[in-house]
Every structure is written in C-alpha cells, then in structure tokens.
Amino acid sequence: MLVVGLTGGIACGKSTVSRRLRDKYKLPIVDADKIARQVVEPGQNAYDQIVLYFKDKIPNLLLEDGHLNREALGKWVFSHKEDLQALNGITHPAIRYAMFKEIGYYYLKGYRMCVLDVPLLFEGNLDSICGVTVSVICTQELQLERLMTRNPELSEEDAKNRLNSQMSTEERMARSDYILQNNSTLVDLYEQIESVVKKIQPSKLRTVLEYFPPFGAVSASSIVMSRLLMKKLQNKKSSAV
C-alpha cells in the first residue's frame, strides 16, 4: 500500500485537498488533526501531561467541562517557542501510535493507497514512512488573509505568530515530491490534484505483491532508506549555505 504524505502550511488549503481525495478518489484519510484532538481528551495520558505542564502558565487552560481550552493553549504556545516544543513532545508519541494503527488497518483492508494528512509531516519525520509526499502551498499574503478570515478571533499579530512558527514554504517545497499551488481557483486546484493522483496511483500487481513478506519488506525498506538519504543530502546542503 502506498502511503501518501499530505502536508501544508496553516490556511493553505490542505483540508480542501484531503476532502477531495476522500470524496472524489475514495482514498482513506489518516487525519492527524482529528487524532490530535482525540488524544488530548480528558482521561487520556497526553491530557494529564499537558495539564501538569501548563496549568501554572495558562490560567484559563481548562474549560468548565474539563476539556482543554484549545484557543488559550494555542495562543500561548505560538508565542512561546519552547512551550510549543514541549507540547509537541507530549502529543506526538500518542498521535504517532494512533496513526500507525490506522495505517495498518487500511493495509489489512487491501487499499492500494492511503493518505497521511499531517500538518507537521516533515517536522515530525513522518515523511520517512511515506512513499510519496505532497505539499499544498500558497503565497504568504493569501495565507494570512485566509487564516484571519477562518479565525476572526485572532489578531494580526497572533496570526503572524502562527505562520512564523511553521516550516518555511521554501523548505517544505524542497522536501516534497509534488507541490499543489493553491493561489487560484478551486477548479485549478482540482486539476492539479487529478494530475498528481494519476502519476502516483500504484498498480494492482504491486499492491498484491506487497502482501508477500519478501517483496513487502524490500519495498518498505527502500522507502525508508530513500527518505533518510534525501534528508541527509538536504542537511548537507543547508550546512553548506
């Protein structure tokens, strides 16, 4: 099964692409945002760790019903980089475990492809398990405009803090196999999606062969090794600049 890593900066249109892949092409979606909400529900281990770490920093961390005040938590961590790293350190292991379980489920169901929809695909090194990576991008001006329209409660400073906390568009493009430019119309975006799907669709023969241990192991190993090599080359290039 081909795992397609889908990522993109905030308010670039990744969710639009994910819905199109699900509705038009019937691809199963492993949604990291959805999983991230589930693992921080009251009673979950990640929830307890977040409360312990942030309760003295964010007075309104919890809502009346005991759930996390996601707006207050987000505003805080996007203004405090070290705390954003701490939050990611708490949530990422739980999110990874849940994602791997879901990917395994779709593999056993016999799907030819599944989409791993992750905002921090490269930051979390999850691209290493993907056969193909796709990034959705747009201009920073359009990104800011869309973010403030989608989240009117954010000030311009808060919105810019969220954008600046993420990987740059240039780095994301350099690490992606395919780029979807979302600066124009929805029709244009859909045409780009159609083109990418046609290029990456695995054959039925390959899908069947991957259920045989030798072929499956070689296929998986080649993906991981190629991703690690690509990352190593990119790190060398960055160091040389």
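Glycine too: its Cβ is placed from the backbone N, Cα and C atoms.
The annotation ATP binding site is assigned in Swiss-Prot to Gly8, Gly9, Ile10, Ala11, Cys12, Gly13, Lys14, Ser15. All protein chains shown were included, and the count of other CB atoms within 10 Å of the CB of Gly8 (ATP binding site) stands at 29.
Per Swiss-Prot, domain 'DPCK' is recorded for 3-211.
Each of Pro119, Val136, Cys138, Gln143, Asn182 belongs to the same chain as Gly8, Gly9, Ile10, Ala11, Cys12, Gly13, Lys14, Ser15, is absent from that list, and has a C-beta within 8 angstroms of the C-beta centroid marking the ATP site. Secondary structure at Gly9 (ATP binding site), taken from DSSP and collapsed to helix, strand or coil, is coil.
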